[in-house]
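S.K.: Pulled these from TrEMBL:
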type: ACT_SITE; residues: Glu453; note: active site, proton donor/acceptor
type: COMPBIAS; residues: 43-54; note: compositional bias 'Low complexity'
type: COMPBIAS; residues: 57-68; note: compositional bias 'Basic and acidic residues'
type: COMPBIAS; residues: 73-91; note: compositional bias 'Polar residues'
type: COMPBIAS; residues: 92-112; note: compositional bias 'Basic and acidic residues'
type: COMPBIAS; residues: 168-186; note: compositional bias 'Basic and acidic residues'
type: COMPBIAS; residues: 200-210; note: compositional bias 'Basic and acidic residues'
type: COMPBIAS; residues: 537-549; note: compositional bias 'Polar residues'
type: DOMAIN; residues: 277-552; note: domain 'MYST-type HAT'
type: REGION; residues: 1-115; note: region 'Disordered'
type: REGION; residues: 168-221; note: region 'Disordered'
type: REGION; residues: 533-556; note: region 'Disordered'
Amino acid sequence: MHSKSVHLGSGSDGTEDSDSSAEREQTNSSESDGNMPKRTRLTRASLRLSQSSQDTPDVKRVGDHDESPPLTPTGNAPSSESELDISSPNASHDESVAKDPALRDSDKDLSHRPKRRRCHETYNFNMKCPTPGCNSLGHLTGKHERHFAVSGCPLYHNLSADDCKVKATTREKHEEESKVQEESNRHATRHQMPTSKQTRYKEQVTEMRKGRNSGLPKEQKEKYMEHRQSHGNTREPLLENITSEYDLELFRKAQARASEDLKTPQEKLRIQGQITEGSNMIKTILFGRYELDTWYHSPYPEEYARLGRLYVCEFCLKYMKSQTILRRHMAKCVWKHPPGDEVYRKGAISVFEVDGKKNKIYCQNLCLLAKLFLDHKTLYYDVEPFLFYVMTEADNTGCHLVGYFSKEKNSFLNYNVSCILTMPQYMRQGFGKMLIDFSYLLSKVEEKVGSPERPLSDLGLISYRSYWKEVLLRYMYNFQGKEISIKEISQETAVNPVDIVSTLQSLQMLKYWKGKHLVLKRQDLIDEWKAKETKRGSNNKTIDPSSLKWTPPKGT
């Protein structure tokens, strides 16, 4: 029985939580003092329970709905005090302190901190399609069996699930025919005359569009008005006979593509069947003074994942089951910054180099936390071959996690980033670009050319493209010569030539002329970038190379 209780009270690193050892010490001391303190404590708990049942009967009802109340480290059911704390995690901080005088001293240091803020909208895991009368079956694209948003609802678009499947099959046939036509015309000259098939298709489209401006019959107008009055904004207006069949089909095709692109990450997982109602997925985490909604599934132990809400120490990243355990842990946790060496500091921003081999538990917890917000991450426990560079923002309470990136100690493909993440509460503030800039700064010190490991997440790809664009435009602005070499740009910026070429192509600054690739210096883009830089001024978050105190680690 004792081994089972240790397992239930264990933290993420396989060791016992700090609060479990404290409770055992308290139990031993009370037994050594005699039976009087034990009776006093029981009396206190019973009085407290009776008062709470008289004053707030709703709290007891919430506790009754708990499926499996957590056990204490001794293997018994929790006392009434801890039971109330766990069953009502949203109770006010002052009320919880008033209940337990022992916690009053531990909370003095945290009293000046701001109130907890909530990031992102709550995701409803029992959601259904909001369209009245819809059973969430079918999808506008015709590719899925279920939908959970109006954008993919066949009923909202006045269609059935079978109609959507038929239209999807027709669209696929047209796309295949278009691909065959493109393959046959790939080697044709640019000014070739239209084929007879293309001419006939153009005539058909012109014929279909002839009657699109003709007025609607009176009966059809009444039908449209009746549909509008009966359904209001819960249905799309009837679109038949308003325009040509060709244009209506183009519109339906655009709607289907938009509904595919507008799906949230959680909705994609639900449609693919990876998330079902009641599945073990953590929905929210309490992290410092923030309450964060998660985006993806992370392989936390099942006993933690089934709770739906996780409590994480923002300094040592240990995960716990309840707010009571977190509060006791924070009172005893001696960590105020990540482990490892501080290799960069400027103002309140610091970067710590953490070795996955020396600080294995911290790095594993960091990977599990990152997976809650990353889709393509597959590494969780094998952290020894990696170095983790953790960026923090310091205040009078400690160094708070902003984001991190990891890199292999020995990368044969010269990847300077394996995984990169900015915490949701620090997104859209320039910290992601700082992390990318710092990774390339390390590559410059190592005298190497670096590139991020693929595949990149959606947000990561946007951040890297923005960073590469800024680096190239800054180089063009400061360049005074006549001929620009991609190799020279790569050596000076430490950016891989492949990434430079793809960025130049996206900016339309790379042209092929007379058998040579030419780099065009577009002054309009450079002036636009310079104006943004001037507008940002001194508030722009950048990495200062002079603040780096780091030497490349030797191969381990």
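In case you wondered, yes, glycine gets a Cβ from its N, Cα and C as well.
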S.K.: According to DSSP, how is the compositional bias 'Basic and acidic residues' (200-210) divided among helix, strand and coil residues?
M.R.: 10 helix, 0 strand, 1 coil
S.K.: How many helix, strand and coil residues does the compositional bias 'Basic and acidic residues' (168-186) contain under DSSP?
M.R.: 17 helix, 0 strand, 2 coil
S.K.: Under a criterion of Cβ-Cβ distance under 8 Å and sequence separation of at least 6, what residues of the same chain contact Glu453 (active site, proton donor/acceptor)?
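M.R.: Expected: Leu413, Tyr415, Val417, Ser418, Cys419.
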